[in-house]
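Peer 1: Mind having a look at this structure? Questions to follow.
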Amino acid sequence: MGARASVLSGGELDRWEKIRLRPGGKKQYRLKHIVWASRKLERFAVNPGLLETSKGCRQILGQLQPSLQTGSEELRSLYNTVATLYCVHQRIEVRDTKEALDKIEEEQNKSKKKAQQAAADTGNSSQVSQNYPIVQNLQGQMVHQAISPRTLNAWVKVIEEKAFSPEVIPMFAALSEGATPQDLNTMLNTVGGHQAAMQMLKETINEEAAEWDRLHPVHAGPIAPGQMREPRGSDIAGTTSTLQEQIGWMTNNPPTPVGEIYKRWIILGLNKIVRMYSPISILDIRQGPKEPFRDYVDRFYKTLRAEQASQEVKNWMTETLLVQNANPDCKTILKALGPAATLEEMMTACQGVGGPGHKARVLAEAMSQVTNSATIMMQRGNFRRQGKTVKCFNCGKEGHIARNCKAPRKKGCWKCGREGHQMKDCTERQANFLGKIWPSHKGRPGNFLQSRPEPTAPPEESFRFGDETTTPSQKQEPRDKELYPLASLRSLFGNDPSSQ
């Protein structure tokens, strides 16, 4: 890290660490951003040593700027970092990244005006491409520098590691900046595997070439002296054109950017291949119950990049599906943030959801709510013993018990009022529902019938003495009525049919 961090001196490092990442934000640039930019430049086959000077930063910006329209967020972050570092080298006072980009744009506009003024002064109105790999030598001739093995190695490594994931497309666009059709074919021929994907790419190129020929028919008549023939679809694909013709078309006045046209065809075919290698629809990307929100967002945007849709449709998918397909915990948090929340706010709010810390917080909040509700119910008296009134056995008043009674202690039993024993030893019985003490010490229990019903059949005839004898039941009934005058069911239920 030390070699990469030595890009800035002491004073430059102080100015670097005062610049904010976003206008009005709290985060500022640190050494780790320079280290990150160096590693990304190595991935893009660019010498990271160019960061040490303002001239090198200008060269890096010149290579990255054409790819900003089709590049990824990572490529834009790299461009912003290099632009800020350029302002530090040039001692341009900026407060944040946006001001640095504005300064770079002002310098580029000034340089363009100067170039146009110089061309007008010399009378040369032709705009000659100075982009690599087509450069102008000392004699003023446009020459081509072949694509470097290092660039080819980086491209092959990306294909081997990423196959045809969505990030392959911006990587191809960055490595093929300013390339001729011959350079692009060299990059495609270095891909050893994935021949099925390469065949799909060839079919897409042939379709686009046929469409080009249909929209750009050949003009009848001979070609004027000093002019070049118009390129056909096969010429743009590099199959029927030479390298000199390709350079001539790209540097002609007006130019025909055959390299850029061919690269658009290739990127169109790569989009179809990426779609085939990523069969998962964006509608199927859902956050797992224990999946961190950051991993879910990574999967969501990776699948979104493979979707063949316009930017407006992708923006709608992001605003709707990102929240809709989150798990219940994160969905509750995201809905509370509102529809205007940024991705950074969402990531910060859902950080740690699903982990042990989040579960512990949820459990603690639930326990605190239960405890608070129980305390409130106890304070209001809304508990189980709410309906029972406490009564003192000593003084007979409600609201306290005998243990806490302030009145003089009553002598004797609190139940029967007699002295000589306590309430726990009292033998006084409670009356049953018939109003009698149960069990009865005399005869049958009080809840039994106290009289027997008379039989409806005539009495048995006596053949011994010829006179009727009194039955025992008839003698027992008056005796029972004398012993239990209130035990008849007539006293409880009105007329008793058994006594009639």
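Every residue gets a Cβ built from N, Cα and C, even glycine.
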Peer 1: Have a look at 138-155, 300-317, 390-407 and point to the one annotated zinc finger in Swiss-Prot.
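Peer 2: Comparing 138-155, 300-317, 390-407 with Swiss-Prot, zinc finger matches 390-407.
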Peer 1: According to Swiss-Prot, which of these ranges is region 'Interaction with membrane phosphatidylinositol 4,5-bisphosphate': 53-57, 68-72, 73-77, 383-387?
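Peer 2: When 53-57, 68-72, 73-77, 383-387 are checked in Swiss-Prot, region 'Interaction with membrane phosphatidylinositol 4,5-bisphosphate' belongs to 73-77.
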Peer 1: Cβ under 8 Å to the region 'Interaction with membrane phosphatidylinositol 4,5-bisphosphate' (73-77), counting only same-chain residues 6 or more beyond its ends: which ones?
Peer 2: 40, 64, 67, 170, 174
Peer 1: Using a Cβ-Cβ cut-off under 8 angstroms and a sequence gap of six or more, which residues of the chain neighbour ARG409 (asymmetric dimethylarginine)?
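Peer 2: Listed in sequence order: ASN394.
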